[in-house]
């Protein structure tokens, strides 16, 4: 068996069916093996950064993905997308083909590298944004591949595999069998702790003691439970206990909003007042998978009394400030369920704040009218990919139907990443309708990947927000500054030229009535690539975004 075959077999065993990337002379031997593999398809992207974004979208839906780069110029082009995956717990197997073993050992000055002959400059850069790294040889390939794949699944972060150009087709020594891995609820690997029993028992006892004095509790959910394959377990916990659920911005989509006692979105001082009070004043607050970043807390304006908080993270937990580690995520959730199940919790929640859905059907299209209508047009089973900017903030407050998969790069926030991510998500979810919501500024960074969407005939509906530039930046600073302007495009002409589909449906929408008609057509039509262009005013933003920016300004 060749080294490449072993690697590709291990990827296929994990359900990966597509490998993203861009060819280069160092990786052609590897790509020939991809083409020959029965279980994998090559997805050539328009550039490496888009390939990384596509792999990110694929992994958010499937749980793991793979991308192949060439040495130097290719891997560095993709590193921003890989760093975003690292920041948001998205496991991608990054496969980089480097110069041959002899060339590396001789410090040969090779093209695509720096002129000092040190081949591993770029591998060392990747060390900062990956959970594990390996440089393969025929002798170590099997064990190293197993090791880094296990790390990707266990830590839910990217990993880096360097394959010298002469190693991909080299033969493996005989006799290696892949090591079994512990699996989570969704089949993904989970951390294995050999000395966690006492920590789990002590954690459960501490939770029970804190809960004994509390008649009311709130669950605050971030993104980590979903990334670690435990979203279903968290939902069972919420349903069985009846404890009200709030989410952070990154936690959107973690649970079915119809299945739980829904409290709403919590983001520190930008929260609706009733939601903020319910979360911050809860006698018992249970945070699950919630790293408290600036975007999660509106500039660190959250005000928690840690003496009333249970905090559960992937490898540890705290109860009233006392730390328990090592604490397996799944076992901690099970312990929570056992402790909390026998208590009659108060499930009342404050009335939901009024939404803008009552906006009239006439007049110029506004963000207030747009987002409730877009949300109401979604259907169970849709995959919704939301770009950074007004789109992300517009959708955060909207109700999602059951069975919707929601993808947004809330923390890393790399503009343009949503379009290639929608490509990856669509390939990972065949048969499902994919809705991409993206701004005009973001589109200009990655629009060429629409050609790949068209090439694969993927059912991606593009909802484009045309507000003539970087509106999200305008309300932060520079409302009329030229740096927030972008070249104005004829989007109909651009997308038809890029996709080479002369009759690609592109519908321009300027009024609320036109929006209502377009969304009715959207749900009548068979899923296919089409574009809806929503024209909104330069300074029109969702109320949630305005609240966030105002909170940040006040906190400075």
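Note that the numbers count up from 1, one per residue, in the order the chain is shown.
Backbone N, Cα and C atoms are what each Cβ position is placed from, and that goes for glycine too.
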TrEMBL records 467, 469 as Mg(2+)-binding residues. Which of 440, 477 is assigned to the same site?
440
Starting from the Mg(2+) site formed by 440, 467, 469, give every other residue of that chain whose CB sits within 8 Å of the mean position of their CB atoms, in sequence order.
439, 441, 465, 466, 468, 470, 471, 486, 538
Collapsed DSSP category at residue 440 (Mg(2+) binding site)
helix
Give me the DSSP three-state residue breakdown of the domain 'Thiamine pyrophosphate enzyme central' (206-323), ordered helix, strand, coil.
38 helix, 26 strand, 54 coil
Which value does the mean pLDDT take for the domain 'Thiamine pyrophosphate enzyme N-terminal TPP-binding' (1-108) in this predicted structure?
98
Counting across all protein chains shown, how many other Cβ atoms sit within 10 Å of the Cβ of residue 469 (Mg(2+) binding site)?
20
What is the total of other Cβ atoms whose distance to the Cβ of residue 440 (Mg(2+) binding site) is within 10 Å?
24
